[in-house]
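*Asks:* First, the structure itself, so that you have it in front of you.
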Amino acid sequence: MSTQYAEIINNFLDRLWLKQGISKHTSVAYGTDLKKFWQFLLAHRGEQAALLEASTADIEDYLLWRRQQGLSPRSTARAISALKKFYAYAVQERLCSQNPTARLRQPKQPQAIPHSLAEAEVEALLNAPQISDAVQLRDRAMLEVLYATGLRVSELTGLTFTQVSTQQELVRIVGKGNKERLVPLGETALEWLQLYLEQGRPQLTSQASDFVFVTRRGGPLTRQAFWHRIKFYAKVADIRSHLSPHTLRHAFATHLLNHGADLRVLQMLLGHSDLSTTQIYTHVARERLQQLHATHHPRA
């Protein structure tokens, strides 16, 4: 990609971060989507192709090409979002005269039913780390905090000391769109967190760091590294259910609903801007209640 276009895309992503508070993950994904579109233009239009002169037909051809390549509807929906935001920015900044995505509709994506774990499976996962090891003690504390709070993995790995109040048993999270929420830690997670801070963290690093959960180098874990840890402990615990980086977030939500939590409260704890996003968990909870009824009711 030319230096000129790389700079324009970086400026666009900076603007999104400032105005909308997009996450680092979303920023990287949008940047990749725009570069892929630029590569498509070069491959199909030749060296004379210009990102800021793309037409609606160019974008429609690109979306057709994505379907032919078998790329997922979800990733294509994100690519459309990136293109629409980019060209709206380009018109606003007078980098181009027309927005080729103006009439492009954002496809509605069916909400995927989140995969959760049974409470017994969560217990097995939480008990998998060997706490005599500093790394695994850290991991146990992370798993406990994750299940107790329902944080996104990126929120957990980026947690700093200024966000945690052990006295009030709360964590303060600035989530998507720079929206702040306070989430209770609970006694069990707090006990594991304090044990890690007192015994595990000093063994991992002596370097000063604002991050709560650190590697031996003193920096924070990446989302990918923590996901590998989750998979490792799932294997140790012989958990064969479907897993994702947000498995414990889904379990947090589903188990709260199973035990009678109010949907609006759950929405606040998860940091969802729209209640409909939270309502997807009622389906999972309802399925679980039906299974319990079928198993235990004498007339089921």
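Cβ atoms are placed via backbone N, Cα and C, with glycine included.
Predicted automatically and left uncurated, TrEMBL annotations should be read as such.
Among the features that TrEMBL reports, domain 'Core-binding (CB)' is placed at 3-91. Per TrEMBL, domain 'Tyr recombinase' is recorded for 112-294. The active site feature in TrEMBL is assigned to R152, K176, H246, R249, H272. For Y281, the entry in TrEMBL reads active site, O-(3'-phospho-DNA)-tyrosine intermediate.
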*Asks:* How many Å separate the Cα atoms of H246 (active site) and H272 (active site)?
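*Replies:* Checking the Cα atoms of H246 (active site) and H272 (active site) gives a distance of 15 Å.
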*Asks:* Rounded to a whole number, how many Å is the Cα of H272 (active site) away from the Cα of R152 (active site)?
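*Replies:* So the alpha carbons of H272 (active site) and R152 (active site) sit roughly 11 Å from each other.
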*Asks:* How big is the Cα-to-Cα gap, in Å, between R152 (active site) and R249 (active site)?
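*Replies:* Computed Cα spacing between R152 (active site) and R249 (active site) is 7 Å.
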*Asks:* Let's check the environment of H246 (active site): how many other CB atoms sit within 10 Å of its CB?
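*Replies:* That number is 20.
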*Asks:* Could you count the residues of the domain 'Core-binding (CB)' (3-91) that DSSP puts in helix, in strand and in coil?
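*Replies:* For that range the per-state counts are 75 helix, 0 strand, 14 coil.
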*Asks:* Taking the Cβ of R249 (active site) as reference, which residues of that chain separated by at least 6 in sequence fall under 8 Å from it?
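*Replies:* In sequence order, the residues whose Cβ lies under 8 Å from that of R249 (active site) (at least 6 apart) are L146, G150, L151, R152, V153, L270.
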